[in-house]
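A.B. asks: Below is the structure I would like to discuss, written out as structure tokens.
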């Protein structure tokens, strides 16, 4: 195509005339800069290159970072590196080997992105998210995320999503709302981790996280302020009670005092809420991550203890009693993964009690079939939908809408079925009404 043909095809003479007229009307101090900016906006954005590199995530593990170039800007996104091969390096003593295998997987993802993925996306309109994601998925002929890798796909997909929002000159959340088909947008109540345990900390607390939910805040800014103040009061309380060495933090930023009792942890948080002056305005949530301490069909609450008494080996029914008592004694409105990933029976029994929101994580694995079963059997009433388990922005949105989610998104807690009754405490926390 000749230059003249190109100019005529894209109506550039007319667009240049419009830009000049706009500069005159605006009485631009720098007409050349004004016209250049005007023309830049008038020209459609296209993807010109996609390049990736290996980075280290917040835990020092290899991860994928992507720069998606358009003819207007560069947009960056990252995702945790692909998991090591199944069965490889599963215990802590082989952590070095695990990271080596993970680094190999990330290096392969980087090579694929810089090659096949980049070639497939060059020339595409970044606003066409579904088409971009389909082009990425088409490269994975087996459709098992084994050729490109789910996290590599996700990093590219999110970078494209950012480019699409930039081209429309709207915030990212608004662009996602458009993709979902939602007009109203609502910020969720933040769930702030304040105490870590389980496999995310070196203490003896069996559950993975204790979180606070500032439901009494007037807006998101105030919610974060309440969370921050409570967090720092908690540090002071832990320091006073256990000493400075207990103020170390776990993988998710929560404190990791050497406690073994769930109630002891909740009591510490309640004391911090009281000291901060937010009684009644902050609720509690826990992520039990019970798969980590399930042995056979029982739950070992001393799984991290060097001196096991044998008194804390619980059945599923025992765990239901423990959770029920916690819900009656504390302002506990949400429990994530209270049972093993395959313990559908007890998860259902506990969910039907409707004492709190029951969030499925390992139980569901962002898998459509497992989610369908959970909806049909009322095995939990919320899910953690993780983009890294799905692959692309479009698939995450599609998964949410197909599974009757109230507000599809990723990396957020969502209610599975709004037709089921929701405890008033949970409803007031707005946990089930996240929308984009």
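Cβ coordinates come from backbone N, Cα and C, glycine included.
Got these off TrEMBL a minute ago, pasting:
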type     : residues      : note
DOMAIN   : 47-176        : domain 'Enolase N-terminal'
DOMAIN   : 184-413       : domain 'Enolase C-terminal TIM barrel'
ACT_SITE : 252           : active site, proton donor
BINDING  : 287, 336, 361 : Mg(2+) binding site
ACT_SITE : 386           : active site, proton acceptor
A.B. asks: Among 252, 336, 361, these being the recorded positions, pick the one whose CA is nearest to that of the residue listed as 'active site, proton acceptor'.
C.D. replies: 361
A.B. asks: Which Cβ among the recorded positions (252, 287, 336, 361) has the fewest C-beta neighbours inside 10 Å?
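C.D. replies: Least crowded of the recorded positions 252, 287, 336, 361, by Cβ count within 10 Å, is 252.
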A.B. asks: Between residue 336 (Mg(2+) binding site) and residue 252 (active site, proton donor), what C-alpha distance do you get in Å?
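C.D. replies: Between the Cα atoms of residue 336 (Mg(2+) binding site) and residue 252 (active site, proton donor), the distance comes to 15 Å.
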A.B. asks: Can you tell me how far the Cα of residue 361 (Mg(2+) binding site) sits from the Cα of the residue listed as 'active site, proton donor', in Å?
C.D. replies: 16
A.B. asks: Inside 8 A of the center formed by the CB atoms of 287, 336, 361, which other residues of the chain have their CB, for the recorded Mg(2+) site?
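C.D. replies: Going along the sequence, the neighbours come out as 208, 209, 288, 289, 335, 337, 359, 362, 384.
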A.B. asks: Measure from the CA atom of the residue listed as 'active site, proton donor' to the CA atom of residue 287 (Mg(2+) binding site) and give the result in Å, rounded to a whole number.
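C.D. replies: The separation of the Cα atoms works out to 12 Å.
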A.B. asks: Applying a 10 Å Cβ distance cut-off over all chains shown, what neighbour count does the residue listed as 'active site, proton acceptor' have?
C.D. replies: 18
